[in-house]
Structure formats: structure tokens, C-alpha cells
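Now, the feature entries from Swiss-Prot:
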{"type": "BINDING", "residues": "254, 435, 460, 464", "note": "Zn(2+) binding site"}
{"type": "BINDING", "residues": "511", "note": "ATP binding site"}
{"type": "REGION", "residues": "1-226", "note": "region 'Unknown'"}
{"type": "MOTIF", "residues": "256-266", "note": "motif ''HIGH' region'"}
{"type": "MOTIF", "residues": "508-512", "note": "motif ''KMSKS' region'"}
């Protein structure tokens with residue numbers, strides 16, 4: 001087999017084909033230069049054969065990429081690789097080339113034939129002379145235009161049928177092939193990187209991409225995701241995601257205060273930012289994801305005293321419980337989970353710097369406070385001025401503060417409470433300083449994304465900005481953006497992301513209203529993946545209303561997707577090597593501020609197509625797309641027969657009842673068969689009788 005490599009494509013020809021890369025011939029280069037003067041003279045004129053001589057004339061003569069000989073047939077092969085359009089900064093738009101393409105190809109054919117005639121008599125290399133002689137002795141010419149279509153499809157790029165019609169209308173070969181008995185011309189349209197069978201129709205060779213031509217992770221990111229947009233709470237608008245350092249994207253999320261079991265609000269934070277982390281990595285960004293653990297706090301101290309256990313015992317127990325809940329929900333562990341108690345020296349150092357910078361002051365009671373009015377940009381995240389905050393917010397009355405809005409950075413020690421040594425006496429850090437110190441310790445003065453629940457926007461995240469910028473003076477560029485009060489934005493974080501609240505039957509979830517649910521309580525009734533799916537069906541910034549009816553609906557919807565995968569087992573599907581309309585729309589949805597609502601809708605459209613076609617490749621696509629956001633990765637039967645045990649029947653009991661029903665049917669005991677079916681229905685066990693037997697799933 002003879003192989004010819006043209007850029008990223010490898011053409012493999014049968015052994016009896018005589019093949020050459022014509023544009024690498026020595027004589028081709030000489031012939032091209034000799035034609036250069038003629039072409040400059042003819043610039044902007046139309047030749048006798050109707051070819052626009054202005055096209056590409058600066059290069060002199062031009063030839064096709066590959067010439068092949070087989071018996072009495074001459075193959076002229078021109079390759080147009082539009083695959084990388086949109087991937088490379090200087091890539092020309094396909095629109096700019098379309099109108100000239102027929103003339104360009106016709107000219108290449110003319111010049112190739114003329115070059116072969118010249119080489120037959122004038123080539124210095126004997127093999128070029130011999131090849132030309134054999135080529136010109138052929139009595140049939142076959143011309144193939146091999147077009148690699150763009151990876152990024154849109155209305156800006158024509159379909160292959162559009163190109164075919166254009167070539168059919170304008171690609172006239174007769175003037176150049178009068179001396180050949182037969183002439184055959186056909187454009188071949190492919191996207192070799194995304195087809196499973198490299199053998200093309202009507203041609204004897206195959207085409208593939210060599211391993212050395214694999215796209216980089218950055219190019220793969222651009223294929224699916226030319227621009228991610230994120231809603232920035234700070235600027236109150238969607239912005240293109242342009243990380244400070246694309247090779248080192250950094251995201252910090254405020255984690256849990258570990259004094260109790262995690263509730264549904266925590267579940268939403270876990271799942272939402274797990275989804276965001278997964279997506280950024282899918283786009284090719286090297287991401288470091290940090291989610292902190294607050295393991296010292298007033299509530300922790302009070303709960304430990306109430307339980308009669310040490311703070312260390314309490315926090316260790318609930319950290320383990322938090323991890324168990326997160327694992328159940330399919331949440332990947334953050335790269336780093338710093339604990340507040342392990343970063344006390346960093347907090348003390350930042351407080352010292354704030355005092356030195358005139359942004360904080362020690363009080364007579366041993367506390368240290370942040371002087372809010374010393375930070376002119378305070379209120380930018382919440383959209384409130386200092387006067388608004390003073391008038392509208394409840395502030396702690398404290399005779400040691402200079403201003404009621406000032407907040408505590410360091411708390412003086414109290415009897416029986418844990419304490420650390422500091423320049424201001426023994427004590428412990430305030431809540432807000434923890435995140436500023438830990439994020440600076442891990443990420444430096446600035447980083448890309450800071451996330452958390454909407455309830456943290458004020459005062460916690462507002463205070464973080466004041467602390468971090470007040471200590472370092474470093475801010476991220478926000479394109480000269482301003483708050484609605486007119487001051488310039490000053491933040492150490494480029495993008496602030498906040499997920500919406502969870503409401504229960506339309507009311508805010510709270511212990512006082514008796515509508516407070518822990519993750520563990522919910523998982524007793526619903527499969528963890530159902531809860532994850534329920535969270536992802538809503539946009540992360542929207543309020544999410546929790547109710548049994550909504551969870552039941554999510555369960556039914558996820559069951560439909562898994563039923564599709566059960567009926568049509570998924571084939572292996574590599575998203576980096578396969579692009580279709582579903583993948584494009586899924587990526588476009590996620591690309592638009594992590595639009596899981598639209599992305600999930602694409603999954604259901606795709607499932608509908610799988611149900612109609614039983615296409616294993618499309619089923620593989622469904623599973624692969626679901627996997628991007630942490631869904632549909634389980635064995636379908638395991639999901640359908642698993643779930644919570646609230647129906648009161650174990651899998652073994654269900655299988656036993658089905659076996660007894662089967663025997664009753666064999667004995668024609670229809671009453672017993674119906675009784676067992678009714679019993680299973682009462683327990684929400686759905687039976688499906690088919691030629692292969694009876695299958696079941698939990699309803």
C-alpha cells in the first residue's frame with residue numbers, strides 16, 4: 001500500500017497505483033516560477049477558458065495536490081481542508097473562498113496538465129519525466145476534489161450540497177480535457193476526523209488522520225466551544241470567559257460549615273459547581289477547583305457543647321457525612337479542600353496587612369474590625385451604597401466598632417472556646433477572613449471564578465472583596481466597568497457566580513417553617529441521580545422549587561432516558577472524534593452560561609431519535625453527552641431496578657414474585673397471575689412482558 005500525507009490527512013492507495021505529490025516536484029517549482037511573469041501580466045483579465053486570472057495569481061502556476069496513475073486512468077486529486085476553520089486565528093472564512101473555488105480548481109487542473117507536458121520534455125529528474133510520459137499516455141482522466149468540511153457547522157458554512165451545486169454550475173472541465181477520451185469529475189465531501197469508515201465511495205483509496213495530527217486540547221476546546229459566556233454577578237451581565245491564565249484556571253467555592261448534615265441547599269451548591277467544573281474541563285481548561293471547609297464557627301462551638309463532644313470529633317463526623325452525601329450525588333471531589341483551622345497563620349498575616357493599610361483596626365475588647373468606609377468600592381457586588389446598607393440592613397450594635405457596618409476579622413477568646421495566639425491576644429478568626437486568606441494562599445492575589453449560593457452574595461462575598469483587595473491592592477481588569485453608583489469595579493476575582501435559592505412548595509426552606517430537608521432524608525425516598533437530575537433541570541441561577549411532585553417528575557424523566565439506553569445499548573462514542581447536530585446544540589447550550597435546561601432538552605430529543613432508529617452510535621452519543629454533566633453513566637437495568645426501597649420490596653422479593661407469576665401463567669392460573677401483577681403494581685413495580693420474558697422496573 002502506498003501512502004501520501006497531505007497536512008493532517010493520510011491517503012492510502014492500493015499497491016498497483018503509481019502516486020506522487022505533484023506540488024513537491026522539482027520541475028513543478030521551476031514551471032511555477034516561469035509562469036509567474038505571465039500571470040502578473042494577465043492579472044485581472046479573463047483567460048480564453050473563462051478562468052478568473054485574478055484568483056491566487058501571486059503564486060504563479062498552481063497544481064493539484066496528488067496525481068495517481070492506474071492502468072490507463074489519470075487521477076488528479078485536489079484537497080481542500082476546511083476542517084480547521086474557526087480553530088486557527090488566521091484561518092480564512094469559507095465564505096471568502098466559495099465564489100472563487102470552481103475557478104481555482106479549474107486553473108489547478110489546467111496548470112497541472114500543462115506542467116506534465118513541460119515535465120515530459122524538460123524535467124531534470126528522470127522519474128518526473130517518466131511519470132509525466134505515463135500520465136499523458138492515459139486515455140481517461142478522473143478528477144476528485146476532496147473537501148474536508150468544517151468541524152464547527154453553522155449557517156455561515158455551506159453544506160456539502162451547496163458546494164456541489166456551486167461546482168456543478170461553474171466547474172467546466174471540457175476546455176481542459178479535450179485530448180482525453182473520457183473525463184470524470186466528482187467532489188468528495190467528508191469530515192474524516194468524524195467518520196468511522198475511512199473508505200470513500202467511488203474512489204479506490206482510503207483517508208485517515210495520523211496520530212501525529214491529533215488536535216491539541218485547546219483546538220478540541222474550540223471545536224465544541226469557541227466562546228464560553230458566563231453571567232458575572234459583579235457586572236450583572238454575561239461576559240465571554242477569558243481566564244487570567246488559560247493554562248491555569250482557578251475556581252474557589254465557599255463550602256460547608258460542618259456542624260450538621262448537609263441540606264438541599266448544600267446539595268445544589270455541590271451539584272452546580274461540580275457541573276461547572278466538569279464543563280470547564282470538558283472545554284479543555286486545566287482547572288484547579290477549591291472548595292473550603294469551615295471547621296471553626298459559633299455554630300460549631302455551640303453544637304459541640306450541646307452534644308458533649310469535642311469540636312474535632314464533631315467536625316470530623318460531619319466532614320465524613322458531607323463527603324458521603326456528595327459522593328452519592330455523583331459530585332467529584334474538589335482538587336483541594338482547605339480547612340479553616342489549618343490556615344490560621346495566613347489569616348493573621350492578612351489581618352496584619354489590613355491594619356497596616358489602614359483598612360482595619362484593633363478594638364479595646366481584643367477584637368479586630370474591618371473599617372468598611374475605608375474601602376470605596378464596598379457594596380459593588382450587592383449593588384448597594386454604604387448609605388443604603390446603613391439604612392436598610394440590620395447591623396450588629398457593638399460599642400467597640402467605629403461604624404455599625406464594620407465587621408469582625410478577629411474575635412477575642414472567650415472562656416471554654418478554642419483560641420490561637422495573635423498580635424491582638426488569643427482568639428479566633430471571623431468567618432469572612434477565612435475565605436480571603438485561603439484563596440490568596442492557594443491562588444495568589446487574583447483568580448478566575450468565585451462561586452457560592454446567592455445567600456452569600458452579601459455580606460460574605462462583599463466582605464471578601466473588601467478584605468482581599470484591601471490587603472493586596474490587586475484587582476482583575478473588568479473592562480472599565482462601573483457599578484450603578486458610578487464607581488469603578490475593584491475585585492480580586494474576575495467572575496463571581498451564584499446559584500439560586502431552593503424553595504419548598506413555594507416557600508423559603510428553613511427550619512423554623514418545618515420544611516427543612518437534609519440530603520439524607522431526601523435520598524431515603526429518591527435515587528441520588530434523580531436528585532442530581534432534578535437540580536440540573538433548572539438553570540443554576542434560577543430559584544428551584546422542591547416538592548415531591550417535582551422529584552417524581554424528575555424521576556419519571558430520568559427513567560425515560562435510562563429506558564432508552566436499556567432498549568438500545570450504547571456503543572462506544574468519542575465526543576472528540578464525532579460531531580453531529582446533537583453534540584453541537586448540547587455544547588452551544590452549555591456554552592451559554594452553563595445552560596443545562598437546554599442541554600437536557602437536547603438529551604431528550606436525542607433519546608427520541610434513538611427510540612425511533614435503535615442506533616447504538618446515537619445511544620452512545622446520548623450516554624457520552626449525559627456524562628459531561630454527570631448523568632446516565634450507570635447500568636440502565638441497575639438504575640431502573642434500583643432506587644429507594646420505599647416501595648417495601650427488595651429486588652429478590654420482586655424476582656420471586658415474577659417467577660411465581662410466570663409459573664401461574666404456564667399453569668393457566670390467570671387469577672393468580674393477575675393477583676401478583678396487582679400486588680406489584682401496588683408497590684409501584686412496572687412489568688413489561690415481551691418475547692424474551694418479563695422485565696421490570698421501579699415506578
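Residue 1 is the first one shown; counting continues down the chain.
Placement of Cβ uses the backbone N, Cα and C atoms for every residue, glycine included.
Mapped onto this structure are the features recorded in Swiss-Prot.
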residue: 254; record: Zn(2+) binding site; DSSP class: coil
residue: 435; record: Zn(2+) binding site; DSSP class: helix
residue: 460; record: Zn(2+) binding site; DSSP class: helix
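Looking just at the motif ''KMSKS' region' (508-512), the mean pLDDT is 70. The number of other CB atoms found within 10 A of the CB of residue 254 (Zn(2+) binding site), across every protein chain shown, is 22. Within 10 Å of the C-beta atom of residue 460 (Zn(2+) binding site) sit 18 other C-beta atoms, taking all shown protein chains into account.
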